[in-house]
Amino acid sequence: VRFPEDLEDDNTTFNPEYSHQVFGDDEVAFGYKGLKILLYYIAGNLSTLFRIEYTSKVNEKFDCVEADDVESKIREIIPPGFCTNTDDFVSLLEKEVNFKPFGMLLHTYSVHNEEAGEDITYQIYKADMTCPGFREYHERLQTFLMWFIETASFIDVDDERWNYFLVFEKYNKDGATLFATVGYMTVYNYYVYPDKTRPRVSQMLILPPFQGEGHGAQLLETVHRYYMSSPTVLDITAEDPSENYIKLRDFVLVKLCQDLLCFSPGKLMQGFSQEMVMEAQQKLKINKQHTRRVYEILRLRATDMGNAEQSRSYRLDVKRRLIGPYKKKQRELAKMRRCLRPEELTNQLNQIDLNMQHEQLEESFQQLVSDYRRVLERLAQA
């Protein structure tokens with residue numbers, strides 16, 4: 001909510017992707033007709049208005065059953081101090097002009113907005129719990145995780161090894177410049193013996209009204225650039241990354257790596273090398289596993305897939321990596337031959353069908369190439 005009229009505007013409304021973390025696996029609130037759970041957030045500081053509306057509710061006295069206590073379920077995830085009536089909320093909206101982003105400005109960029117017919121400016125900040133007011137703001141911000149990240153949990157903000165990176169949009173209201181929350185990322189700095197750290201991305205969320213505009217890539221690239229300048233950082237990883245995050249990371253890392261000398265077309269065609277591993281880690285804080293994916297994507301770009309020899313060479317190179325788990329199964333099988341009785345061995349052999357493995361390998365390869373092509377298409381448009 002930026003203006004009072006946004007309260008009645010369905011265009012500014014978005015619905016949760018998940019509600020199982022609040023309402024159980026069936027995502028059901030029992031005992032209501034026409035139930036609406038309404039959560040309004042002021043665009044910048046995320047002050048909250050919480051209301052529940054329904055047309056009717058079961059009554060224990062007449063229906064012998066009790067409706068779910070929806071209000072207490074929501075109160076468990078939103079911090080205290082929220083508004084319950086619109087007038088209080090609107091009066092807070094008038095103070096929004098005083099809200100300023102927390103922490104240190106790292107990056108400013110603009111995105112062209114077709115609807116508005118102009119470029120809109122965005123900024124990325126790094127904050128921590130020592131910033132005045134940030135702890136309370138973060139409590140409100142993290143409530144979005146419950147609705148948009150499938151296995152979300154709230155973090156221990158008293159642990160000083162957390163870093164917070166925030167994206168804000170700058171907008172004008174009555175001649176003043178205000179800031180709206182776009183999204184954020186939390187990163188935990190793990191200790192690596194003897195004197196390094198390994199920042200690990202824990203949570204990343206771009207709010208639904210801003211998705212598809214490139215903010216995730218801007219945020220991830222900014223975070224990488226922030227850590228790249230630190231001599232104590234070994235490499236940057238992510239905790240349990242989703243498929244969407246992996247695609248985003250592929251794009252950002254390829255964009256960062258494509259100008260390194262070790263990824264020149266001539267060197268790509270010679271195969272994956274230790275030089276690539278070293279340069280990507282030292283200059284860009286990228287680990288070996290991620291560097292290998294970057295190599296495969298950039299080699300695909302350098303390969304003429306219409307040329308039978310180049311295409312075959314690329315396919316074999318990628319499949320050599322993909323076949324790793326299957327080779328492990330073969331080694332396990334060799335052990336089984338020595339240890340198992342004939343009937344037990346037959347049972348295990350049935351589970352390791354070589355033809356099926358070849359089919360799965362080809363399927364994995366085709367899926368990978370399809371994903372890689374999308375990264376390259378996006379790169380060409382960047």
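Numbering starts at 1 and runs along the chain as it is shown here.
Glycine is treated like the rest: Cβ placed from N, Cα and C.
Annotations in TrEMBL come from automatic prediction, not curation.
Listed features, source TrEMBL:
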| type | residues | note |
| --- | --- | --- |
| DOMAIN | 3-150 | domain 'Histone acetyl transferase HAT1 N-terminal' |
| SITE | Trp162 | site 'Interaction with histone H4 N-terminus' |
| ACT_SITE | Glu239 | active site, proton donor/acceptor |
| DOMAIN | 249-300 | domain 'Histone acetyltransferase type B catalytic subunit C-terminal' |
Just counting, how many other CB atoms are there within 10 A of the CB of Trp162 (site 'Interaction with histone H4 N-terminus')?
17
Spatial separation of Trp162 (site 'Interaction with histone H4 N-terminus') from Glu239 (active site, proton donor/acceptor) - C-alpha basis, Å:
14
Would you mind checking how many other C-beta atoms are within 10 angstroms of the C-beta on the residue listed as 'active site, proton donor/acceptor'?
12
Could you tell me the mean pLDDT over the domain 'Histone acetyl transferase HAT1 N-terminal' (3-150), as a whole number?
93
